[in-house]
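Novice: Summarising the annotation, Swiss-Prot assigns domain 'Phosphagen kinase N-terminal' to 9-91. Annotated L-arginine binding site per Swiss-Prot: GLY64, VAL65, GLY66, ILE67, TYR68, GLU225, CYS271, GLU314, in sequence order, evidence recorded as similarity to another entry. What Swiss-Prot records for 119-356 is domain 'Phosphagen kinase C-terminal', and it gives sequence analysis as the kind of evidence. Sequence annotations record features per position, and here Swiss-Prot assigns ATP binding site to 122-126, HIS185, ARG229, 280-284, 309-314.
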Amino acid sequence: MADAATIAKLEEGFKKLEAATDCKSLLKKYLSKSIFDSLKAKKTGLGATLLDVIQSGVENLDSGVGIYAPDAEAYSLFAPLFDPIIEDYHKGFKQTDKHPNKDFGDVNQFVNVDPDGKFVISTRVRCGRSLEGYPFNPCLTEAQYKEMEEKVSSTLSGLEGELKGTYYPLAGMTKEVQQKLIDDHFLFKEGDRFLQAANACRYWPVGRGIYHNDNKTFLVWCNEEDHLRIISMQMGGDLGQVYRRLVSAVNDIEKRVPFSHHDRLGFLTFCPTNLGTTIRASVHIKLPKLAANREKLEEVAARYSLQVRGTRGEHTEAEGGVYDISNKRRMGLTEFQAVKEMQDGILELIKIEKEMA
């Protein structure tokens with residue numbers, strides 16, 4: 001049972017949400033009085049309550065989603081709130097649906113989408129993973145952060161070949177190393193106000209760190225938003241090479257540390273928007289002609305379930321007609337399908353851009 005002080009805070013938060021008529025978050029849309037009353041006293045085995053789930057969305061009324069999972073059990077215990085939000089965000093992933101088993105598919109189906117190097121500046125594929133037996137950020141103790149970092153860094157130090165590299169802990173990092181990682185755009189900063197409000201940044205920078213290979217084409221973030229963010233990237237448009245590198249890394253790491261997986265939701269992450277495959281495959285791409293015809297760009301993007309962002313990610317402008325374009329769907333399809341849909345969409349965009357001469 002949640003304690004009286006927590007329930008009082010929840011009641012206050014619920015009132016604030018109800019009064020916020022201009023709030024458009026999915027939390028506001030789906031947290032009815034009856035759902036609220038049925039969940040407000042519940043507590044997971046690790047001590048997480050509904051307050052941990054909704055506090056970021058209560059504090060930041062301009063949130064798009066507004067909820068996070070404090071631990072794996074939260075997805076089941078607070079399912080009456082999570083499930084409709086997941087269905088709404090992951091268009092059509094119904095509450096009766098089951099995410100398919102992991103399937104990276106035939107990795108040789110992926111190609112260089114821009115062999116002439118005229119359009120695609122860089123290509124990146126990332127996925128998120130959580131370590132089994134540990135809660136997500138808000139419930140982690142300082143000792144657990146240290147223990148996880150130890151596990152992750154020793155696991156990564158066993159990687160070989162192209163993936164071989166170095167782990168840099170954020171705690172006690174020298175100014176030189178810090179600057180080098182900033183110059184490479186590898187360093188992540190302490191979380192934004194949405195993550196801060198979700199208590200995702202406690203004991204910062206304890207237990208946080210960055211691993212990268214010598215070629216700087218493979219990167220792992222430890223305890224940023226998720227326990228692990230595994231990233232494969234390089235200049236140019238060779239999606240095949242980027243995808244194959246990611247797959248071999250994930251398979252290798254998985255042999256050494258068990259990941260949190262849910263029968264219905266797939267791989268578990270802190271934010272429900274990343275569930276399922278957890279995969280985001282993206283390119284930085286120059287499309288000057290389509291940039292001048294946003295309607296056409298959006299139409300093709302919608303057809304292939306692509307998300308179009310500005311050059312520097314969410315909420316930014318496209319500088320010089322350069323967009324960050326990625327797959328939108330992460331749930332209810334396999335890893336292979338998610339990346340294949342993105343590849344097909346990018347090939348189509350390049351074809352249209354060429355034809356618009």
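Using the three backbone atoms N, Cα and C, a Cβ is placed for every residue, glycine included.
What you see is a predicted model, and the numbers here were worked out from it, not measured in a lab.
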Novice: My understanding is the cutoff is Cβ-Cβ under 8 Å with a sequence separation of 6 or more in the same chain; which residues meet that for GLY66 (L-arginine binding site)?
Specialist: SER25, LEU26, LEU27, LYS28, ILE54, SER56, GLY57, VAL58, ASN60
Novice: Do you know the mean pLDDT across the domain 'Phosphagen kinase C-terminal' (119-356)?
Specialist: 93
Novice: Tell me which of the binding-site residues GLY64, VAL65, TYR68, CYS271 ends up closest to ARG229 (ATP binding site) in space, Cα to Cα.
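Specialist: Out of the listed candidates, the nearest Cα belongs to CYS271.
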Novice: Give the residue from the binding-site residues ILE67, CYS271 that has the most other Cβ atoms within 10 Å of its Cβ, counting over every protein chain displayed.
Specialist: ILE67
Novice: To the nearest Å, how far is the Cα of SER122 (ATP binding site) from the Cα of VAL65 (L-arginine binding site)?
Specialist: 29
Novice: When the domain 'Phosphagen kinase N-terminal' (9-91) is classified with DSSP, how many of its residues are helical, how many are strand and how many are coil?
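Specialist: The domain 'Phosphagen kinase N-terminal' (9-91) comes out at 48 helix, 2 strand, 33 coil.
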Novice: Which whole-number value in Å describes the distance between the Cα atoms of ILE67 (L-arginine binding site) and SER282 (ATP binding site)?
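Specialist: One finds 25 Å between the Cα atoms of these residues.
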